[in-house]
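In TrEMBL this protein carries:
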type     : residues                                 : note
ACT_SITE : His67                                    : active site, proton acceptor
BINDING  : Asp68, Val71, Gly73, Asp75, Ser77, Glu89 : Ca(2+) binding site
DISULFID : Cys36-Cys116                             : disulfide bond
DISULFID : Cys69-Cys74                              : disulfide bond
DOMAIN   : 26-220                                   : domain 'Plant heme peroxidase family profile'
SIGNAL   : 1-25                                     : signal peptide
SITE     : Arg63                                    : site 'Transition state stabilizer'
Amino acid sequence: MAPKNFSSFIHSIWILLFVFGVASAQLTPDFYDKTCPGAFAAIDKVVRAAIANESRMGASLLRLQFHDCFVNGCDGSVLLDDTPTMKGEKTAAANNNSLRGFDVIDRIKAEVESLCPGVVSSLRAICPITGGDNNLAPLDTETPTVFDNGIYKDMMMEKGLLHSDQQFHNGGSTDSQVEGYSKNPEAFAADFGNAMIKMGNITPLTGTSGQIRLNCRKAN
Ligand SMILES: *[C@@H]1O[C@H](CO)[C@@H](O)[C@H](O)[C@H]1NC(C)=O
Ligand SMILES: *[C@@H]1O[C@H](CO)[C@@H](O)[C@H](O)[C@H]1NC(C)=O
């Protein structure tokens, strides 16, 4: 395979799976076009350099991907180190001391992460595995202190903080609505106002069913 095809093969199928981790279920070849343009060029550079340094590395990387894909799918599982509770694929008898190219994957990761610090790494800083329970992360990274359509712009770039938000732009029937709001703040403001009014109309007590409180904090 020509180097160009080879490296696009490697990165289009694989890199998407593990460089930053993918929050949504859909994989697309253009996933990083907006969030990390230049990622593929960086990957290409590292893979080419590794093959120029040692031509056998091309075959080794192909084999690495093959072994990943043929154990429960192309999920990057071959990259996982063993832990006390999880035996990985790296040291399984058939692979031990035989699979190689992990150092190239590490170089790719380092190259891309300086290039694009990325949403995930910045969120990890705010929300470490332990502690930080009182830290705040903006739902809207564009304009966190302004009430506007910024969150839809985030969702368009796959940067929705909450999985449940990002699901609205995930290759489904609501994609066009998210796109519309991201481009049209007036439409968002009008629809939001109407939605709030609609919500306020959820079964209020009227007539003798309720009471006008003398003190808002307690029933009369
Ligand atoms: C070049 O290849 C050698 C093995 O032949 C390896 O030890 C070294 O880490 C490689 N360097 C780079 C930059 O890929
Ligand atoms: C893998 O190779 C290492 C180093 O040769 C050895 O210590 C280890 O026992 C091997 N593990 C398995 C599961 O074969």
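Glycine too: its Cβ is placed from the backbone N, Cα and C atoms.
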Exercise. Within 10 angstroms of the C-beta of the residue listed as 'active site, proton acceptor', what count of other C-beta atoms is obtained when all protein chains are considered?
Worked result: 18
Seminar exercise, completed: Other than Asp68, Val71, Gly73, Asp75, Ser77, Glu89, the chain contributes near Ca(2+) (Cβ within 8 Å of their centroid) the residues His67, Cys69, Phe70, Asn72, Cys74, Gly76, Val78
Seminar exercise, completed: Rounded mean pLDDT within the domain 'Plant heme peroxidase family profile' (26-220) lands at 86
Problem set entry | Candidates Cys36, Gly73, Cys74, Glu89 (recorded positions) with Cα within 10 Å of His67 (active site, proton acceptor) | Gly73, Cys74, Glu89
For this session: Specify the secondary structure state of Cys69 (disulfide bond) as given by DSSP, simplified to three classes.
Result: helix
Exercise. How many other Cβ atoms are found within 10 Å of the Cβ atom of Asp75 (Ca(2+) binding site), counting all protein chains shown?
Worked result: 14
